Structure formats: structure tokens, C-alpha cells
Amino acid sequence: MSSGGLLLLLGLLTLWAEPTPISGQDRPKFCFLRPDFGRYGHPRPRFYYNPATNQCQGFLAQRSRENTNNFDTRDKCRQTCGRK
């Protein structure tokens, strides 16, 4: 395969790997809550949806009254609030 064909294939795979974000109207309301960092316990890595950047971002949460914009993995965050 020529280098041009490989570049085209790579470009198509890149487009396929980054789906279009869903609209804000399709997201649950809790996706727009600010992250709750907590106050007690050992910090652990978590992810929350940031509507300002339209991305799921990592943070360290401690156990307390965490809100529902708080996910174990980036994939769970994206499936619920971000990219479909």
C-alpha cells in the first residue's frame, strides 16, 4: 500500500475513534454538577464531566457525600455524560 493510502486509512481510523459529542440536552442533569472532592478518607482517582471543556477529566476524590458526577473510569464518564 502506498504512503498516501496509509495516511488516508490512518485519517479515517482517527475520525472513527473520536465520535462526535452529544448535545447538552441529551445529557443527564447531574453531568452539570461540579465535582465533589470530599473531605474524609484516602484520595482516590475519579473522573467527572466538565461541561466547559466538553470532556471527562480526572480528579482525586475522598469519601464523603459525593454527587453523581463522579465515575470510576473515564469510559464510564464518557458513556454517561460525554462522547457517545
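Counting starts with 1 at the first residue shown.
Backbone N, Cα and C define each Cβ position, glycine as well.
Because the structure is a prediction, the values reported are computed rather than measured.
Pulled from Swiss-Prot, these are the features on record:
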- C31-C81: disulfide bond (DISULFID)
- C56-C77: disulfide bond (DISULFID)
- 31-81: domain 'BPTI/Kunitz inhibitor' (DOMAIN)
- Q25: pyrrolidone carboxylic acid (MOD_RES)
- 1-24: signal peptide (SIGNAL)
Per-residue Cβ crowding (10 Å cut-off), top of disulfide-bonded residues C56, C81 = C81
Query = Given the disulfide-bonded residues C31, C77, and counting only Cβ atoms in the protein chains shown, which has the most within 10 Å of its Cβ?
reply = C77
Pairwise Cα distance for C77 (disulfide bond)/C31 (disulfide bond) [Å, integer] = 9
Key: Composition by DSSP (helix, strand, coil) of residues within the domain 'BPTI/Kunitz inhibitor' (31-81)   = 9 helix, 21 strand, 21 coil
Task = Express the predicted model's confidence over the domain 'BPTI/Kunitz inhibitor' (31-81) as a mean pLDDT, rounded to an integer.
result = 89
Query = Expressed to the nearest Å, what is the distance separating C81 (disulfide bond) and C56 (disulfide bond) at their Cα atoms?
reply = 8
